[in-house]
Amino acid sequence: MSTDESGNDPEVAGGSESPSDPEVAGGSESPSDPEVAEGSDAAGDVEAGRNHTTMGDAVLRIRGLNAGYGDLRILTDVDLDVTDGEYVTIVGPNGAGKSTVMKTVFGLTTHMDGTIEFDGEPIHGLAPERIIREGVGFVPQTDNVFPGLSVRENLEMGAYILDSVPEDRIEEIYDRFPILRERESQKAGTLSGGQRQMVAMGRALMLDPDLLLLDEPSAGLAPDLVTDMFDRIDRINDAGTAILMVEQNAKEALRRCDRGYVLVNGENRYTDRGEVLLGDEDVRQDFLGG
Amino acid sequence: MATTEPNLVDSIRARPGLTLVVAFGVLLLVDLVAKLAGISVGPLGGSLSTGRLGSNLWNGIVIGLVIGLAGIGLSMTYSILSFANFSHGDLVSTGAFTGWGIAFLIAAFGEQPIRALLSVRGAGNVSPGEIGAHVLSTPVAVLVGLVAAFVITAVVSLALDRTFYKPMRDRDGISLLIASIGVALVVRYVIQFVYGSSRRGVTATVDASNLVIPATGLSINAHQLTILVAAIGLMLAMHFMLQHTKLGTAMRAMADNKDLALVTGIPAERVVTATWILGGGLAGASGYLYVLLRGTIQFDFGWLLLLLMFAAVILGGIGSVYGAIAGGLVIGVVFTTSTIWIPSDFNEAAVFAVMIAVLLVRPEGIFGGVSTA
């Protein structure tokens, strides 16, 4: 797959001398080539500046975003795109503001400047409830289940904004994560870390979002569960949900994603297809431990 | 607690406070058995009839239910709104005065001036006996009064939220706590202004209102029975609401994790509104029932009761609705049975001693750490 990619536009920092064979990544599960192509176009957009070139299927479009907490600015002029069905990951050193990007999309930080558009509509300043209605799901990094609620109740809360509990949707989630069906009436607080992560994802998928935000889904998981978790994310993406993921496990994340952003000190540093970033000497040296 | 099998000496060494508490508890238990058996050994023992013990326990359960019912709202505001609400006690008074005003109005409509009835005082020389409010003689009035207490207090509670607490929604717990002390003062003195500051009798006495259970000699008052049924009914309704309705589940979710509730799309303001309505309503109902139990009313009784409510809620595990009920029962039973050993003037001290003892053993409270579950 994706060997026909010719447009590896050199990125923002212009550091990607090594063309690097995309196949190095091996087993890349990018859903479809056109989207990858779109992704590169989007990156080109970033390069070109902030002109609002219309992109047919941009789901999330962030331009010149400045945000932080109170007076503290974390993000400076961040640009980021996720196209329809795309799998995008944000990597970078600790404190780079990776999670802040996600929280800002969800209206949980102080928005200072710039635009966040979802399906062409500006969403910054909207209440989280509205953003969920627009079709964005969010799985926070920690404390992402209601421990005192049963597994089923956790899922039901994910569909709170609907008038009635969507039984068929719950069944779909159970089909995706069969262990949750077994644990249906068990309190989420008594589950293992991996199972909790499934509950959290299931909850966020209840409304069948167009875009799923995942904040370090592998954090705190035992190593053998990490691969399993990434496989599940691949399958969610294969089913058509666009994904924006922040990951500490940068190598694995870049291997799996369609496109990656490297964020440093709250600014865009590199943007390219995941395999290209993985093969890039500078990126490897600086952020992936050689 | 530790999962390994600890040996006794080690555990005594590790927790001397706990050991002391347990030893004292065992001593009291031995003394109680000796008293019941009529044996007297040195300072231990004496005499105590099973009837007296039975009625102590029964009275304790009834008071405990009232305190527990009031404590539910206190615990909910703590877990969902994240502050200790010191105005809760005065909501209890609000329910008592407004509810009994309505009950009087129905019980003696046309016989006494409406204004005197609504303000729960005899006009001129009218005594509570002449109004005749009693569950056996005027059952409809007493029951409608209970409903009115719930509804009116819920409305007052919501109005207080919109006026005082809503503008402070994002403030920290300490600011809200201090604000709530101010709200408590406002409510208390509005009550004093409207209803007067005198302590007065409310319920009438009716002959043959005691049900005596033959074998035990236990005497159950009709009003106590009313409280038992009403309090347990309200608690069960609350349980059903929390466990089996969407709103109740959302309330538990918000008590569990507010940030996650926010990103899940749970409408926080709606849950907060429900919290004030239900917590306030239950406080009002419990105040009304407390007057039914005591037979008297005065403008600051809710405030005085607040300390016991806090004790119950902390004992049960603050934030837990079931903990509030359990804590209320423990407090109630200790309150009445402590008179076996100490003068009744000191029974509040006994309550707090037990609270401290329980917290030594379980610092998170009986139901602690499970929030509204």
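Cβ from N, Cα, C; glycine included.
Feature list (source: TrEMBL):
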type	residues	note
TRANSMEM	B:20-41	transmembrane segment
TRANSMEM	B:61-84	transmembrane segment
TRANSMEM	B:91-110	transmembrane segment
TRANSMEM	B:140-160	transmembrane segment
TRANSMEM	B:172-191	transmembrane segment
TRANSMEM	B:222-242	transmembrane segment
TRANSMEM	B:271-291	transmembrane segment
TRANSMEM	B:297-315	transmembrane segment
TRANSMEM	B:322-343	transmembrane segment
TRANSMEM	B:349-370	transmembrane segment
Cβ contacts the transmembrane segment (B:91-110)/the transmembrane segment (B:271-291), at least three under 8 Å, sequence gap 6 or more: yes
Selected stretch (most C-beta pairs under 8 A with the transmembrane segment (B:61-84)) from B:222-242, B:271-291, B:297-315, B:349-370: B:271-291
Non-local residues, at least 6 beyond the ends, that sit with Cβ under 8 Å of the transmembrane segment (B:297-315): 64, 67-68, 70-71, 74-75, 78, 84, 86, 88-94, 96-97, 100, 120, 184, 188, 191-192, 195-200, 202, 283, 287, 290-291, 323-324, 326-328, 330-331, 335, 348, 351-352, 354-355, 358-359, 365-366
